[in-house]
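Chemist: Straight out of Swiss-Prot:
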- Thr230, Ser231, Glu232, Glu284, Ser382: L-serine binding site (BINDING)
- Arg261, Gln262, Glu263, Glu348, Ile349, Ser350, Ser351: ATP binding site (BINDING)
Amino acid sequence: MINLKLLESNYENFVSKLRGKNINEDVLKSLLDTFNELKKQRQILEDLQAVQNSKSKELGALARSGGDVAGLKEELSKNKEALGAQNEIVRTLEEKLDNIASNVPNITDDDVPFGRDEEDNVCIKKVLNPREFSFTPKAHYELGEQLGWLDFERGAKISGSRFTILRGEAARLSRALVNYMIDFNSARGFELVNVPFLVNSNTLYGTGQLPKFEDDLYKVRDEDLYLIPTSEVPVTNIYNDEIIDAEILPIKMTCYSACFRQEAGSAGRDTRGMIRQHQFEKVELVSITKPEQSEQILDEMVACASDLLASLGLPHRHMLLCSGDLGFSAAKTIDLEVWLPSQNKYREISSVSNTRDFQARRAKIRFKDGKKNALVNTLNGSSLAVGRTLIAIMENYQRQDGTIEIPSVLKRYM
């Protein structure tokens with residue numbers, strides 16, 4: 001959630017930055033007007049409460065002295081009614097404010113380029129040159145079906161579209177990738193954690209998936225439980241509503257999980273193969289930091305994911321996302337895109353984001369800063385998406401006869 005006090009004091013800056021995320025100024029004006037009205041009504045409530053307290057003391061003193069308390073009792077009764085009505089006004093405004101604020105995205109960092117969509121993202125680095133093939137490279141789904149690695153037909157029979165069964169060497173390679181990624185991230189100082197794949201609505205609110213993106217989530221019927229869209233959600237919320245000792249910051253964690261997404265806005269996109277699935281696996285990085293640490297930690301997380309790709313011999317590039325392509329909670333995001341020979345282009349395989357204090361404000365994650373409590377910064381990123389890494393290896397390491405070479409760093413994990 002954005003800082004409403006900063007919105008009040010720096011309104012034009014918020015309007016400018018959120019315009020880049022396609023937020024109309026009318027939304028911010030409504031938010032600020034509601035915030036100011038709530039402050040006004042809270043002051044009225046406090047004044048009424050002060051009167052109630054004062055009159056109650058006066059009544060007690062008058063009763064002890066044997067004076068006539070009838071008139072004062074009537075005043076207290078009327079003031080109590082006014083208090084009740086004012087409480088309802090404040091409660092309604094608080095609900096309205098939360099409804100507006102919880103749907104407003106994070107503002108962008110100053111170095112995020114203004115743009116409309118992915119066409120306006122900026123390439124800031126390329127790592128490894130794409131391989132030159134002496135034959136026409138096949139797509140991963142062609143290779144997978146020929147080798148008996150990927151069973152799309154039976155996956156669809158069991159679960160429907162956008163589900164795949166990995167068999168034999170593909171299943172082993174996928175498991176090898178998970179173990180290698182965990183070991184690689186752990187060696188960079190990220191603590192391995194294992195979390196639930198089902199979380200409640202408060203948890204999803206904390207990281208920004210609810211209420212805005214409920215249509216993309218799988219909900220358990222008649223329960224306040226959802227399947228996680230990414231392990232960023234439970235891992236970040238490990239510290240939900242906690243005050244962390246500043247001495248242990250930054251906290252750096254890595255986590256393997258299955259992820260589940262409706263892909264509600266992806267109809268007709270990537271319908272063949274494993275690029276876009278309802279269920280997929282990912283190894284995630286999450287960091288919780290002091291505000292002054294988060295830019296350095298973002299660089300470290302990007303380097304970790306990039307070095308992991310490089311260790312697998314996979315050509316990729318770093319993309320600084322423009323304002324219009326940024327996620328809801330992100331202030332700044334670096335995407336890593338891996339080269340896919342069959343498509344002759346780069347595709348996203350990791351997205352590393354700094355959310356500043358946006359998620360921390362929603363999830364109430366604080367640290368002890370001297371004598372006062374302050375909000376942490378939270379960061380998250382894939383290191384890496386397992387299925388897309390499998391795809392990239394299949395396509396970049398394919399031989400002319402349709403077999404797949406296994407990257408040397410993975411052989412001991414197979």
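Every residue gets a Cβ built from N, Cα and C, even glycine.
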Chemist: Work through the binding-site residues one by one (Thr230, Ser231, Ser382) and name whichever has its CA nearest to the CA of Arg261 (ATP binding site).
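Modeler: With Cα distances computed to Arg261 (ATP binding site), the winner among Thr230, Ser231, Ser382 is Thr230.
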Chemist: Give the number of CB atoms, excluding that of Ser382 (L-serine binding site) itself, located within 10 Å of its CB.
Modeler: 27
Chemist: Rounded to a whole angstrom, what is the largest C-alpha distance between any two of the residues Arg261, Gln262, Glu263, Glu348, Ile349, Ser350, Ser351 that the record assigns to ATP?
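Modeler: 19 Å is the greatest Cα spacing among the residues binding ATP.
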Chemist: How many whole Å apart are the CA atoms of Glu284 (L-serine binding site) and Ser350 (ATP binding site)?
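Modeler: Glu284 (L-serine binding site) to Ser350 (ATP binding site), Cα-Cα distance: 9 Å.
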Chemist: Any idea of the Cα spread of the L-serine site, Thr230, Ser231, Glu232, Glu284, Ser382, as a max distance in Å?
Modeler: 10
Chemist: Enumerate same-chain residues with a sequence separation of six or more from Gln262 (ATP binding site) and a Cβ-Cβ distance below 8 A; give 'none' if the list is empty.
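Modeler: Result: Asp215, Asp216, Leu217, Tyr218, His278.
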Chemist: To the nearest Å, how far is the Cα of Glu348 (ATP binding site) from the Cα of Thr230 (L-serine binding site)?
Modeler: 15
Chemist: Among the binding-site residues Glu263, Ile349, Ser351, which ones place their C-alpha within 10 angstroms of the C-alpha of Ser382 (L-serine binding site)?
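Modeler: Final answer, ordered: Ile349, Ser351.
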Chemist: Which residue, out of the binding-site residues Thr230, Ser351, shows the minimum number of other Cβ atoms inside 10 Å of its Cβ in this structure?
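Modeler: With the binding-site residues Thr230, Ser351, fewest surrounding Cβ atoms within 10 Å: Ser351.
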Chemist: If you skip the near sequence neighbours and keep only those at least six away, which residues in the chain come within under 8 angstroms of Ser350 (ATP binding site), Cβ to Cβ?
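Modeler: Listed in sequence order: Ala305, Leu309, Asp335, Leu336, Gly381, Ser382, Ser383, Leu384, Ala385.
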Chemist: Radius 10 Å, atoms counted are CB only; among the binding-site residues Glu284, Glu348, which position scores highest?
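Modeler: When each Cβ's neighbours within 10 Å are tallied, Glu284 tops the list.
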Chemist: Pick the one among the binding-site residues Glu232, Glu263 whose Cβ has the fewest other Cβ atoms within 10 Å in this structure.
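Modeler: Comparing Cβ neighbour counts within 10 Å for the binding-site residues Glu232, Glu263 gives Glu263.
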Chemist: Near the L-serine site, what residues other than Thr230, Ser231, Glu232, Glu284, Ser382 in the same chain have a C-beta no further than 8 Å from the centroid of the listed C-beta atoms?
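Modeler: Apart from the listed residues, the neighbours are Val233, Val235, Cys255, Ser257, Cys259, Lys282, Val283, Leu285, Val286, Asn380, Gly381.
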